[in-house]
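Asker: Before anything else, here's the structure in question.
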Amino acid sequence: MSPTKIPPLTYKVVAECSVSKARAGLMTLRHSEVNTPVFMPVGTQGTLKGILPDQLIELNCQILLGNTYHLGLRPGIETLKKAGGLHKFMGWPRAILTDSGGFQMVSLLQLADIDENGVNFRSPFDNSQCMLTPEHSIQIQNAIGADIMMQLDDVVKTTTTGPRVEEAMERTIRWVDRCIEAHARDDDQSLFPIVQGGLDVPLRERCVSALMERQVRGFAVGGLSGGESKHDFWRMVDVCTDHLPKEKPRYLMGVGFAADLVVCVALGIDMFDCVFPTRTARFGCALVDSGQLNLKQPKYKTDMEPIDKDCECTTCKRYTRSYLHHIATNESVSCSLLSIHNVAYQLRLMRSMREAIQRDEFPQFVRDFMARHFKSEPIPAWIRESLLAVRIELPADPVQDKTEQEEQSRPEKKQEKEAS
């Protein structure tokens, strides 16, 4: 087989958890191999805020995300074509995934009008009109040259109910066919359809069934992590992974909190993205297993420890919490230093999960992680329920038990118990 005939995306499951739906895989793309489960840092406009491509390579980041809507406005298709695509334009040699612009229907709704043809946007930069159709979205993504592209989907807020949810799901299915028809570089780029259907299980199942009829190399789960309850969130993820094919990668869009990542890997998701690691860095916060360290707090003024003594990133090797407290949010370099650590944390978390899956020790990894993450507070009920759905039972919560014991030891509680 000649090199030009090799598909631009191949995916192989290399290990599966014997208890949950978690799996480790290898996705081979034109620009790099990607080990899954994977977290993809978000470089919306062709750059991660505060991190250079060379620094991302040093962190062994294998794939990052760009946004079609923003890149289509600036620098635009002609500039991207002249540059030879986004990889060359931004100096990034590894894989790129692009969001289609559909999410901006929600985030910039006040600037958009949606109909069957597409989405008519008013540019937030100069107020000019921009019609983003499925075809135009694909044209931009072809010019970007992303290894993985998203179809343009009809996105509604997760809290939306009524006929608009079904309308958006059906339109998403119609639009994927227009995207497939417009796709001019199928030998180099792979197009993922997006599962929609809100918080309605039958709609999600119908959407998955319809999208699986298309010849595609992977699937995305969209329309979540937008304000719905966590109980609804995990159930929709679980429904989708129950029905999506096992031999193709599954991408959950816009999810990046550590506990959510661990739960959703257990539920069978392979790929994630979120702006959270770099955005929270700009507010002076560093990610650790127990949650976040707000380095602006006075208690870090004389703390000479690194953010995380087990972290191998350059920030943790060279700088103390005290120094980072000194510059947090006051100096622009603090954003860079904390972003490097936060991205390193996300990548290390995913690597740890992959290794645990390969050793078939993932359930114990989950139990250990949750014990660290919720060291000083009870584990949320939705996490216990979601993990129990894939046969991972968490031990009794010592924080909850202690609270209950303290409550029972209070004199008024004793009197209530005796009176009953």
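Each residue, glycine too, has its Cβ placed from N, Cα and C.
Predicted automatically and left uncurated, TrEMBL annotations should be read as such.
Marked as substrate binding site by TrEMBL: Asp99, Ser100, Gly101, Gly102, Phe103, Asp153, Gln196, Gly223. Per TrEMBL, the feature region 'RNA binding' maps to 254-260, 278-282. TrEMBL lists Asp273 with the feature active site, nucleophile. According to TrEMBL, the feature Zn(2+) binding site maps to Cys311, Cys313, Cys316, His341. Residues annotated as region 'Disordered' in TrEMBL: 395-420. According to TrEMBL, the feature compositional bias 'Basic and acidic residues' maps to 399-420.
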Asker: Which of the listed recorded positions (Asp99, Asp153, Asp273) has the least company, meaning the fewest other Cβ atoms within 10 Å of its Cβ?
Answerer: Asp273
Asker: When you measure from the Cβ of Gly102 (substrate binding site), how many other Cβ atoms are you left with inside 10 Å?
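Answerer: Result for Gly102 (substrate binding site): 28 neighbouring Cβ atoms inside 10 Å.
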Asker: List only the single closest residue to the residue listed as 'active site, nucleophile', chosen from the binding-site residues Phe103, Cys311, His341 by CA-CA distance.
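Answerer: Closest recorded candidate to the residue listed as 'active site, nucleophile' by Cα: Phe103.
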Asker: What's the number of neighbouring CB atoms sitting within 10 A of the CB on Gly101 (substrate binding site)?
Answerer: 29
Asker: Look at the binding-site residues Gly223, His341 and tell me which residue has the greatest number of other C-beta atoms within 10 angstroms of its C-beta.
Answerer: Gly223
Asker: Return the residues near Ser100 (substrate binding site), defined as same-chain residues 6+ apart in sequence whose C-beta is under 8 angstroms from its C-beta, sorted by sequence, else 'none'.
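Answerer: In sequence order, Thr68, Tyr69, Ser137, Gln141, Met149, Met150, Gln151, Leu152, Asp153, Cys179, Ile194 meet the Cβ cut-off.
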Asker: So among Cys311, Cys316, His341, all listed as binding-site residues, which is physically nearest to Gly223 (substrate binding site)? Use the C-alpha atoms.
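Answerer: In terms of Cα distance, Gly223 (substrate binding site) lies closest to His341.
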Asker: By DSSP, how many residues in the region 'RNA binding' (254-260) are helix, how many strand, and how many coil?
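Answerer: Split into helix, strand and coil, the region 'RNA binding' (254-260) gives 3 helix, 0 strand, 4 coil.
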Asker: Quick one: pull the CA-CA distance for Asp99 (substrate binding site) versus Cys311 (Zn(2+) binding site), whole Å only.
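Answerer: Distance (Cα to Cα, whole Å): 30 Å.
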Asker: List nothing but the largest Cα to Cα distance in Å, as a whole number, among the residues Asp99, Ser100, Gly101, Gly102, Phe103, Asp153, Gln196, Gly223 that the record says bind substrate.
Answerer: 15
Asker: If I restrict to non-local contacts, at least six residues apart, and a C-beta distance under 8 angstroms, what lies near Phe103 (substrate binding site) in its own chain?
Answerer: Val155, Gly222, Met253, Gly254
Asker: Using DSSP, tally how many residues of the region 'RNA binding' (278-282) sit in helix, strand and coil.
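Answerer: The breakdown for the region 'RNA binding' (278-282) reads 4 helix, 0 strand, 1 coil.
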